[in-house]
Amino acid sequence: MEKWWFNSMLSNEELEHACGLSKSMESLGPIGNTSGGEDHIINNMDKNIHSWGDSGSSSCSNVYPLFGVRGIQGFISDDTFLVRDSNGDSYSIYFDIENKIFEIDNDHSFLSELESSFSSYQNNGSNSDNPYYDRYIYDTKYSWNNYINSCIDSYLRSEIRIDSYILSGSDNYSDSYIYSYICSECVNSSESSSIKTSTNGSDLNIRGRYNDLDLNKKYRHLWVQCENCYGLNYKKFFRSKMNICEQCGYHLKMSSSDRIELSIDTGTWDPMDEDMVSMDPIEFHSEEELYKDRINSYQRKTGLTEAVQTGIGQLNGIPIAIGVMDFQFMGGSMGSVVGEKITRLIEYATNRSLPVIIVCASGGARMQEGSLSLMQMAKISSASYNYQSNKKLFYVSILTSPTTGGVTASFGMLGDIIIAEPNAYIAFAGKRVIEQTLNKTVPDGSQTAEYLFHKGLFDPIVPRNLLKGVLSELFQLHGFFPLNSNSIK
């Protein structure tokens, strides 16, 4: 038995590399190993399986799948398939998703018995009942690569109960990744749902009760689910994509640290007031959790001391002062520490004549600090007035999703240039609060960046991947230039 380890998300190129298949899939030769084995391939030298030709190259000829044994109840395991190559040799193909094993066996005695039983099965009049037979037996139209991809897709659907989506269609797998969506259409966990798939002309019905939260929790180390289209993004590459959904282009939330890394040149970030923490000024107590305990919990969870990071750095060589709010820390709520850190940042920039960027992501004033949190609105606005009106310096406000409450009512809307991210939720009061207060229905989409842009609420809507270049041009337009010309990108 020869075993190949494989990942549950495969492209054709990855499959070809792992199994010794070449890109020339029009004609496949005898199944076997490539002459140069990888470390992750386990070779059983006792098996006499043909190599890829005399030269050790990967040139191929046709492989004919005999049947998928799902059509024969109880014959062999549901994840085993029988194929035949151009030399007439038969092989059984076995998939084990849980243990990530791909096995090929050419035990002739076993396979002869298997084929004999299969022939008997077919002669008993079951040809028409077996959906795999009519389409695949001795049919060179479907290549080995297409067949294996379809088998993996069908196995993924049934084994781990996910809805697979093949980008290039159900009949042509030659250029497609197998993208797996865990409950891609949001299904109520209390309802019984059915997935209906077409497998080579037959309908495969899978019924079960799905629990979205359990599934997301199970696979969250691999995937990030889009809030807009519910598609899955591979977590390993998600950060390099700037947290933008590959399926629909939706901008998902980013941590403050990721935003700093996105905007600030490498090695130039110098944080300010990192040791400043809240002391629970009004001794707010909740039946559920003490305010201090909640602060400590978020500090451990996020690695931050408060809901904003402030500091100085360079953006394409231009010295700037920047504050970035983090929605992951108590919803980015603005308390006395957040207000103090932003005020000190603006005052520092005023004294050094630096441009200021503040990235807003907040639910508003922090209720656990009462009127002290509301006071921060006036304090920051006062510092901003001196910076902008008296010193004539340049302040850019960037509104991300969500920006609401006291932040919207103060420094969020005070920028000389106000930039919004696509699809950002921007409001003073939330939809539910407005509807309950005024007894009026708030239209869907009336608090999104695109709608508010047409109402003149801010200046441009800038996608994340273009933001750094736009900011650099704005600063140079307003007289802030790189420390050296080589820094311009």
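Cβ coordinates are placed from backbone N, Cα and C, and glycine is handled just like the others.
Here is what Swiss-Prot records for this protein:
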- 222-489: domain 'CoA carboxyltransferase N-terminal' (DOMAIN)
- 226-248: zinc finger (ZN_FING)
- CYS226, CYS229, CYS245, CYS248: Zn(2+) binding site (BINDING)
Quick check: with CYS226, CYS229, CYS245, CYS248 left out, which same-chain residues have Cβ atoms within 8 Å of the centroid of the Zn(2+) site Cβ atoms?
GLU227, ASN228, TYR230, GLY231, ASN233, GLU246, GLN247, GLY249, TYR250
For the binding-site residues CYS229, CYS248, which one has the sparsest Cβ surroundings, going by other Cβ atoms within 10 Å?
CYS248
For the zinc finger (226-248), jot down how many residues DSSP puts in helix, in strand and in coil.
4 helix, 4 strand, 15 coil
Per-residue pLDDT averaged over the domain 'CoA carboxyltransferase N-terminal' (222-489), given as an integer:
93
Test of understanding: give the count of other CB atoms lying within 10 angstroms of the CB of CYS245 (Zn(2+) binding site).
21
